[in-house]
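For reference, the structure discussed in these notes is given below.
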Amino acid sequence: MRAILPLYPLENPMPKASADAPIGIFDSGIGGLSVAQEIANYLPNERILYYADTAHVPYGARDDQNIRELTAQAIEWLYRQGCKIAVVACNTASAFSLDFLREHYGENFPIVGLVPALKPAVLQTQSKVVAVLATPATFRGQLIKDVVLRFAEPSGVDVMPVTCLELVPFVEAGLQNSEQCKTALKNVLDPILAKQADYLVLGCTHYPFLKNAIQNLYGDQLTLVDSGLAVARQTARILIKNNLLSELPLQNKTQLSCYVSGHNADTLTPVLKHLIQEKISWSICDVIDKLQ
Ligand code: DGL
């Protein structure tokens, strides 16, 4: 990969996007499709251009600067495709990138980010112990620290950080219901139940795809929360504020167009068939030599 400056110059700004331009969504891999589907359901008139950086997934064990560079490159690609807004559907990428991206693009290109959905868990926990399952990089970022300080500490709620680097590759490979994945989940989640956690925040966009596996293991002992719907609502609010909400029905246009950087569209197609709801029309293609 060539070196990329995190703050590249905005030499040739794109013309201001119109309401019928697509929403751009980015994740290190296919996990952000959990968010993309919330947005597709909440905003059914919108076209979505989804970019999965499958050449570099997982981001969770990468260093801060490398995550920032990869994120900057991805968001620039969405911008150059003419998207009207970008959703960083990745807690890990958001943790290091939101401030400089917003400063760089200004009002021309709004950026929506993610932070683990700790607030609803803190408000509803009975045991006053909440676990957050996220990548090591997400826990290093300031966003999650701010949420803990603002919501958990004043309510006397104990926040247990939990990481497991094996989980994202399981989802990428379509192995979220495999025995190996269950074992990995048990290794990290048994200890949080032993500490009386009653809420589990899915602080990585890949993890909503593990809901079935977690519920099969623990039933209603753990209530699961994620940020998907809140991000869809926030995206809608920003589009409305900027007069960018699409009014026209999609008719037979593809709702969700996926682009992957890893030249693995063929291998991902059967995986996505399981992850994407039937009512959403989608396509997938390899793209991204153009980024290098
Ligand atoms: N889906 C990403 C997140 O929300 C990161 C997964 C990874 O690449 O490690 O944090």
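Glycine is treated like the rest: Cβ placed from N, Cα and C.
The active site, proton donor/acceptor feature in TrEMBL is assigned to CYS90, CYS204. Under the heading substrate binding site, TrEMBL lists ASP27, SER28, TYR59, GLY60, ASN91, THR92, THR205, HIS206.
Counting only same-chain residues six or more apart in sequence, the Cβ atoms lying under 8 angstroms from the Cβ of GLY60 (substrate binding site) belong to SER28, THR92, THR135, PRO136, ALA137, THR138, THR163, LEU165, VAL168, CYS204. One way to see the shell of the substrate site is to take the Cβ centroid of ASP27, SER28, TYR59, GLY60, ASN91, THR92, THR205, HIS206; the remaining same-chain residues with a Cβ within 8 Å of it are GLY29, GLY31, GLY32, VAL57, PRO58, CYS90, ALA93, THR135, THR138, VAL168, CYS204. Taking the Cβ of THR92 (substrate binding site) as centre and 10 Å as the limit, one finds 33 other Cβ atoms among all the protein chains shown.
On a Cα basis, CYS90 (active site, proton donor/acceptor) lies 9 Å away from TYR59 (substrate binding site). Reduced to three states, the DSSP call for ASP27 (substrate binding site) is strand.
The Cβ of ASP27 (substrate binding site) has LEU33, VAL35, TYR50, TYR51, ALA52, ASP53, ALA89, CYS90, ALA93, THR205 as same-chain neighbours under 8 Å, each 6 or more residues away in sequence. Summarising the substrate site geometry, the residues cited as binding it (ASP27, SER28, TYR59, GLY60, ASN91, THR92, THR205, HIS206) extend over a maximum Cα to Cα distance of 12 Å. The C-beta environment of HIS206 (substrate binding site), restricted to residues of the same chain at least 6 apart in sequence and closer than 8 Å, consists of GLY29, ILE30, GLY31, SER34, LEU167, VAL168, VAL171, GLU172.
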